[in-house]
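If you check TrEMBL, you get these features:
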DOMAIN    41-484  domain 'Major facilitator superfamily (MFS) profile'
TRANSMEM  32-50  transmembrane segment
TRANSMEM  117-139  transmembrane segment
TRANSMEM  145-173  transmembrane segment
TRANSMEM  185-206  transmembrane segment
TRANSMEM  212-232  transmembrane segment
TRANSMEM  292-313  transmembrane segment
TRANSMEM  333-352  transmembrane segment
TRANSMEM  359-378  transmembrane segment
TRANSMEM  390-415  transmembrane segment
TRANSMEM  427-449  transmembrane segment
TRANSMEM  461-480  transmembrane segment
Amino acid sequence: MMELKPLNLVPSTKPPPGLNLFPTLNPPEKTLTFHKFLVLLLTFIAYAAFHASRKPPSIVKSVLGPEVKDLNGTGWAPFEGPSGPHRLGELDLAFLLAYSIGMYFAGHIGDNIDLRVFLTVGMLGSGVLVIVFGLGYFLDVHWLGFFLIVQILCGLFQSIGWPCVVAVMGNWFGKAKRGLIMGVWNSNTSVGNIIGSLVASSVLGFGWGWSFLLPGIFILVVAVLVYMFLVVKPDHIGLELDSKEIEMNVEGVALVGPDTGEAKEEEGVVGPETEEGAGAIGFLQAWRLPGVAPFAFCLFFSKLVAYTFLYWLPFYLRHTVVAGVQLSHKSAGILSTIFDIGGVVGGVLAGVTSDIIEARGVISIIFLLLSIPALLFYRLYGSVSMFTNISLMLISGALVNGPYSLITTAVSADLGTQSLIKGNSRALATVSAIIDGTGSVGAALGPLLAGYISTRGWNSVFVMLILSIFIASLFLIPIVKNEIKEKLNEGKWLWISVIKR
């Protein structure tokens, strides 16, 4: 198998045009803290916009597909009729498969070119294609090939987003409290889902095309802000990270500081690397880094579950009687945001607790195992009353999205800056892309299976979700064993040092 070679391109070190347009935003008028907050805010809004633009397909599913208890009735061709859920699942597959394939290449490219420009291209392409999908309503398009082509192209452009924003965050924030920072920051996915759900649901009554147009316009506006103001690295505007930001890694090698391009060991100095000399690592080399493969395959099954909810929860709620009431299209879309609100809580909680005990694998497996009874109870008792539905959906969202959030952010950043890379910070986008790209293959599979299995009953769908979570936890067992062993050794040496004193 041929390995991808680093591209012979040098990322731009020029500040973004917005800082030239507004000179007061440059140092020394604005401090490092200000620019950290600006980067945090811009990357947060950027990826929230990506997710907001992904949400419309799930909101309009119940309109495009066959109506409740009337598989031969209303719907939008070619998604009406008994095979309607199958076609909708294939639509999800087209997007997510393109997304997962594009993710591997996007991470490799992102390590070698200007991340600000690359991210902007991804946002502009995504926005235009989301709008084009919505035009299918106004132009009365009923050709399945049109929707599939648009989804495939949109998936490729959407794949650019994640490796870019994670790499930029890795350039600005050190390893200290990374779980907390990334846990809060990664709520962008849930916030984006909530925004997309609310916007798409609110205009659904005017025609499903409007549910695509507004999120598409939103991401185009945010793309302009990113291009104008996002600073990829501190040294692009003459800033340096604090010495505390250059955290010592587990084997004594410090993370590369963008200001110096060099790393120090406890008993020596690793040779300095210039920006041009710090080439991105190869694709297969990144796969061989410790921890990358187990977390990647764990995310495969975790993301399968998360994205099944992302794309099918409104449809499920529309086709499920809650407290004896059949929910409307709009109510089902709005109610589905509770799952994402739980995701915000779960992501922050997982990040904070992983920082406290410094064992991300342990936290991830605990969340995964607890989510199994949570999903079981949600299926069994979610229809009893609106209160139990909301409560169990909130808990399920927190437990399902907690490890998913942790692995795609803090874990990816940890693995992408570990000591074996010898300070090569440009490997971060590649590692992030591998982990999230593998997870995205599972994300593509989950909604497709749900589309086919749901025609046999929703109990079968939940069995698939619970089995997926259980398999995801199995991949973390070696990681958890190593983390527990390390903690026991740390405790042993701590007692020895106390006795010597």
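Think of each number as a place in line: the chain as shown, counted from 1.
Just so you know, glycine gets a Cβ as well, placed from its N, Cα and C.
Here the listed stretches are 117-139, 212-232, 461-480, and the one with the most C-beta pairs under 8 angstroms to the transmembrane segment (292-313) is 461-480.
At the 8 Å Cβ threshold, with sequence separation of at least 6, the transmembrane segment (359-378) lacks contact with the transmembrane segment (145-173), having fewer than 3 such pairs. Remote same-chain residues near the transmembrane segment (185-206) are listed as 40, 43-56, 58-60, 63, 169, 212, 214-215, 218, 310, 314, 329-330, 333-334, 336-337, 340-341, 343-344, 347-348, 351, 397, 401, 405, 408-409 (criterion: CB distance under 8 Å, separation of at least six residues from the stretch ends).
Between the transmembrane segment (427-449) and the transmembrane segment (333-352) there are fewer than 3 Cβ pairs closer than 8 Å, counting only residues 6 or more apart in sequence, so the two stretches are not in contact. Only sequence-distant pairs (6 or more apart) were considered; of these, fewer than three Cβ pairs between the transmembrane segment (145-173) and the transmembrane segment (461-480) are under 8 A, so the stretches are not in contact. Looking at which of 32-50, 117-139, 461-480 has the most CB pairs under 8 Å to the transmembrane segment (212-232), the answer is the stretch 117-139.
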